[in-house]
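What TrEMBL says about this one:
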BINDING   418-425, 464-468, 518-521  GTP binding site
COMPBIAS  88-108  compositional bias 'Acidic residues'
COMPBIAS  164-175  compositional bias 'Acidic residues'
COMPBIAS  278-290  compositional bias 'Basic residues'
DOMAIN    409-583  domain 'Tr-type G'
REGION    81-290  region 'Disordered'
REGION    412-560  region 'G-domain'
Amino acid sequence: MSRVRVYELAKEAGMTGKDLADKLIAEGYDVKGHSSTVDEDTAEKIRRTMLQNSETELVEKRIDASQGATVIRRRATIIRRRPKAEQEEAAEETTEIEQAEQDGTGDSDADRTAVQAEAEEASILRQSGAEEEQQSPAGETAEPAEEVAQPAADADRDETPSTETDDGALAETVEDSVAQPGEPDDREAAAPPAKSKKVERKTIARVVGSIDLPVPDESDTAERSRPKKMARSTASKTGRPKIAVEFQPETPAEASERARKKGKRAVGTADDDDRDRRGKGARKGGKKSVKFTHFDADYQRGGKRGKRGRKADKRIAPSTIEMKASKRKITVFDTITVGDLAARMKVKASEVIAKLMGLGVMATMNQVVDIETATLIATDFGYEVEQGITEEIGIQLLDAQEEGGETKMRPPVVTVMGHVDHGKTSILDAIRKTDVAEGEAGGITQHIGAYHVRSKAGDVTFVDTPGHAAFTEMRSRGAQITDLVILVVAADDGVMDQTKEAINHAQAAGVPILVAVNKIDKDNADPDRVKRELSDFGLIPEDWGGQTIYCETSAKKNVGIDELLENIQLMAEMLELQADASRKAKGRVVEAQLDKGRGAVATVLIQDGTLRNGDYFVVGQYSGKVRAMRDDKGRPIREAGPSAPIEVQGLSGVPLAGDEFIVVTDEKMAKNVSQARSMKVRETELAAGSKISLDKLFEKMSEGDVQELRVIIRADVQGTLEAFAKAAEELSTETIKVRVLHEGTGTITESDILLASASDAIIIGFNVRPTAKIKDLASRENVDLRSYDVIYHALDDIRKAMLGMLDPTFEEEVIGTAEIRDTFSVPKVGKIAGCFVTDGAIRRNAGVRVVRDGVVVYTGKISSLRRFKDDAKEVVAGYECGIGVEHFNDIKVGDQLEAFVMQQVEAKLD
Ligand SMILES: Nc1nc2c(ncn2[C@@H]2O[C@H](COP(=O)(O)OP(=O)(O)OP(=O)(O)O)[C@@H](O)[C@H]2O)c(=O)[nH]1
């Protein structure tokens with residue numbers, strides 16, 4: 001049974017530990033002082049008998065731990081506020097950093113309650129941390145307590161992290177994390193110890209950029225309650241971020257958005273969890289120590305700083321990012337246009353262009369240069385360039401912070417590839433039968449594009465994507481999820497087309513191959529032939545002195561499957577596949593779709609860390625909170641570790657396969673990153689919109705009047721493809737060339753769209769249908785994507801596309817004729833012809849030709865058209881009317897007036 005300290009009981013009742021200890025001694029309890037402990041039952045008795053006047057309602061939650069049990073109490077109702085002196089006394093007694101309190105300013109009761117409740121939680125957790133170095137994660141067991149304590153936690157989240165003080169500085173009062181007995185807290189060296197160990201940190205955060213740093217939220221609160229984390233919360237948090245930041249291009253809109261936010265103060269909050277990780281990193285000397293509070297402070301320009309802030313500056317002096325305010329400095333977010341760079345340096349764009357030419361870069365005013373180039377140029381003009389902070393950098397810093405933890409072996413992620421009918425499915429089925437966990441699923445096997453098998457040899461995750469999508473789609477997004485490929489080759493058939501393709505894909509992706517020579521039960525099986533053939537591709541068997549593992553299998557007879565699984569594990573060991581289950585999760589989307597009932601759902605392969613219900617995340621351009629998770633067998637789960645394929649609910653949109661899934665600190669960060677990414681996507685769309693326009697195409701043409709229609713063709717079979725491609729190219733004329741940029745069998749892929757987008761091409765699919773995701777991508781990239789079943793229709797559309805690209809031409813269409821039978825002179829108007837419409841119709845504002853004796857004497861416009869005294873829009877054949885010809889008075893009786901309009905006509909190809 002766990003024990004409770006007297007001062008904790010005292011705190012519950014709002015009295016000092018000493019007072020209570022004295023009372024208890026007087027009552028004959030077996031205690032010696034305020035640090036003495038009593039067992040749970042005694043504690044309860046004391047509460048009932050001696051602490052009756054407490055206004056506190058306790059919520060208890062017992063955490064079962066491997067080495068005992070600890071009671072967590074959190075106050076769910078308002079706690080009476082104690083005088084400050086008493087608090088300080090309590091703080092001294094408990095040797096802990098207690099609660100935040102803003103001097104003299106309107107803290108609400110709820111606010112105080114939250115802080116106090118949290119302090120108490122920390123205190124108890126500390127105790128548990130001290131008593132039990134390693135606890136099981138709070139996870140499931142701690143959750144009810146979290147839920148009950150929600151109101152306090154909410155208040156905490158909303159109110160306590162920071163308060164703006166009168167002088168405009170951002171005063172942030174934080175509970176410092178707690179030193180373990182015997183472990184020095186390095187942070188105390190960094191910051192002068194405050195009286196009663198309250199640490200008030202001032203962060204005046206006028207940031208370059210706009211990373212609104214995360215305030216701990218619900219999920220963090222949950223994490224704080226993890227005793228394991230608390231045990232790590234003691235080490236130094238000094239040290240500067242040594243991160244190779246890969247800067248993402250920043251769009252002008254982002255830049256302006258950031259500019260808009262510039263004046264805004266950012267709240268630098270180091271949540272406990274982050275501190276925990278830093279602590280661990282410092283001890284292990286491995287994890288990078290990135291402190292967001294300091295990070296924030298580091299980017300401030302001017303303004304007041306607290307002592308900690310100044311100290312932090314000394315410690316953290318990023319070389320690449322200069323903080324000092326200077327007139328000769330410009331901030332660049334990854335890229336900048338030449339014109340903008342010149343304007344910021346107050347020089348002429350031509351001067352910048354000349355400098356660029358000196359560097360061998362030919363650029364126009366509107367072209368963008370990267371930050372490195374901008375730095376070179378700016379230096380020549382006596383300016384320094386500082387890196388603006390983007391949301392992307394924020395996420396990279398967070399990721400870097402999470403790195404360096406303790407890693408363990410993780411299951412390999414495997415893709416099975418091979419020629420059609422060589423036995424891929426059969427091998428997977430045979431492997432599945434070995435799944436020792438299969439029975440647990442109760443027969444419900446859900447297809448989510450990947451599944452996990454627990455074999456006797458070890459766990460394996462199979463990515464079950466058709467064809468080579470696992471590589472092509474993923475690679476186009478710079479992603480790689482597969483650790484190794486099982487290449488299935490039928491022993492009776494040998495190396496075939498798709499075998500070669502599979503090898504190419506795997507080798508291009510740098511993924512090791514394990515060969516399964518299947519169907520060895522067949523009479524004509526010839527495994528040696530397979531080995532010989534594959535050796536030509538560099539897959540030399542081990543027994544021939546090479547390095548490739550070959551397994552001979554018969555999926556049908558269930559031969560060699562165990563050996564195959566063992567070899568998978570062997571290779572996994574050689575690959576040293578490691579992951580840190582304690583970090584925030586990150587992974588890749590295997591597939592995603594919109595489910596009618598559940599909204600956007602994605603199959604995510606966790607690559608590192610542990611994903612939990614309630615975690616906030618960013619996935620591609622979307623964000624979300626894990627509302628529910630299912631494993632590959634459709635069972636609801638609460639958390640998922642490395643190499644687990646899971647289905648996640650709670651996404652704001654449908655991401656693409658290969659998109660990165662990364663857990664972030666809180667909802668705000670998730671939304672900010674996703675907003676920034678969406679904005680970038682929208683800008684790409686706009687850019688794409690103008691990309692395929694006729695004007696741009698003309699600009700790009702360097703062959704005079706000759707235009708080129710680029711086409712990407714996809715067909716179901718090679719024969720059709722060839723015929724179709726030939727016919728399409730034969731459509732070329734002198735004015736337009738049709739160029740087949742790329743052709744291939746199979747469905748339209750993401751890389752086709754990207755290629756089309758990059759090269760102003762249209763895509764024609766013949767007997768292939770793009771997936772919804774591909775269609776979506778095409779529309780985002782503004783790529784014209786068409787699918788046909790009949791060659792003729794497709795060719796016809798190409799012809800039309802070509803016509804659409806020609807300059808529009810106009811032809812004159814005669815709409816009516818009239819005979820002048822009289823003329824009148826009207827003052828201020830001029831001569832009016834009294835006419836009889838002989839043919840068609842005469843329309844006001846139409847063009848008119850005056851024809852005399854068969855010769856056109858004038859061509860102009862009809863200025864007035866009247867029937868009797870009224871203006872008319874149109875006068876048809878058989879009627880009389882008065883017609884005025886603009887700027888022409890020399891009309892004569894007997895002249896013919898021919899009315900015409902200009903009509904745009906379809907361009908002709910010859
Ligand atoms: N004799 C024999 N037949 C096998 C073996 N493995 C698979 N087959 C048969 O080969 C045929 C094709 O097997 P699949 O597992 O569907 O092959 P696949 O590579 O998945 O085929 P696709 O999915 O169409 O690409 C089936 O009729 C299987 O029964 C084996 O080890 N021995």
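Cβ atoms here come from the backbone N, Cα and C positions, even for glycine.
Taken together, the residues of the region 'G-domain' (412-560) have an average pLDDT of 81. For Ile520 (GTP binding site), other Cβ atoms within 10 Å of its Cβ number 22. In the vicinity of ligand 1, defined as a Cβ distance under 6 Å, the following of the binding-site residues Asp421, Lys424, Ile520 are placed: Asp421, Lys424. Take the CB of Lys424 (GTP binding site) and look out to 10 A: across all protein chains shown you find 22 other CB atoms. Residues within less than 8 Å, Cβ to Cβ, of Gly418 (GTP binding site) and separated from it by at least 6 positions along the same chain comprise Lys424, Leu487, Val488, Val489, Gln498, Thr499, Ala502, Ala516, Asn518. Sequence-distant contacts (6 or more apart, same chain, Cβ under 8 Å) of Asp421 (GTP binding site) comprise Ala490.
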